[in-house]
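Trainee: Submitted below is the structure of interest, expressed as structure tokens.
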Amino acid sequence: MSRKVIAAGNWKMNKTPKEAVEFVQALKGRVADADTEVVVGVPFVCLPGVVEAAKGSNIKVAAQNMHWEEKGAFTGEVSGPMLAELGVDYVIIGHSERRQYFGETDETVNKKVHAAFKYGLKPIICVGESLTQREQGVTAELVRYQVKIALLGLSAEQVKEAVIAYEPIWAIGTGKTATNEQAEEVCGIIRECIKELYGQDVAEAIRIQYGGSVNAANAAELFNMPNIDGGLVGGASLKLDDFEKIAKYNK
């Protein structure tokens, strides 16, 4: 089965609403002929303008987080129905920065993934190990555990629609990239884990990204690996030229 490569930008806390709209308007024409699925993950306040700017193009829009409840006394949070009403396509769940700074756990990731599907959003589920964990040789064990908990209670059809992003924490924003072989190995472990849980068909269908200092220079080699179906791109997704090259890695 051929899986459509997904080039997703995670802007993190960057760009004002005006800057975001200008960026997407400029990006549209540049990636119109891309074979990849192009996604921009923008701050909450940028979502309305970016969804509008992306209309009629092949750019999909992602939120960077969501709450698992529909509504309620959760000051500062944003719910699935709010994102769905805006026309958001994807939501990034469990990014390492959310886990590190904001108390995200494997259990809250699972609740958010269920909420995403309930409200028609596709989750981009982030998993990955720290440098210490890699050095201790527990990468495979840890990532398998994160995947299993994140997907707990989901149907096979839901899992096929999900995206998993392997982001080694030691390679995020550090300039260190996992070697192609390291990235491929862990993405392969994730696919094998999905196969054990949901069978061969689901494992073949689900898209697994690599995230961790993906840039215009290394995207093609990474995306051509058998088990890597694109990237969750940080800093390089904030630069038009770089993100265009990543989205069109095969041209």
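Cβ atoms here come from the backbone N, Cα and C positions, even for glycine.
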Trainee: Of the residues G49, G56, G153, G173, only one is listed by Swiss-Prot in the substrate site with N10, W11, K12, S213, G234, G235. Which is it?
Mentor: G173
Trainee: Can you name every residue in this chain, apart from N10, W11, K12, G173, S213, G234, G235, with its Cβ inside 8 Å of the center of the Cβ atoms of the recorded substrate site?
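Mentor: For the substrate site the neighbour list reads I172, V233, A236, S237, L238.
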Trainee: Express in Å, rounded to the nearest integer, the largest CA to CA distance found among the substrate-binding residues N10, W11, K12, G173, S213, G234, G235 named in the record.
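Mentor: Farthest-apart Cα atoms in N10, W11, K12, G173, S213, G234, G235 are separated by 14 Å.
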Trainee: Here are some binding-site residues: G173, G234, G235. Which one has the most Cβ atoms within 10 Å of its Cβ?
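Mentor: The most densely surrounded of these binding-site residues is G234.
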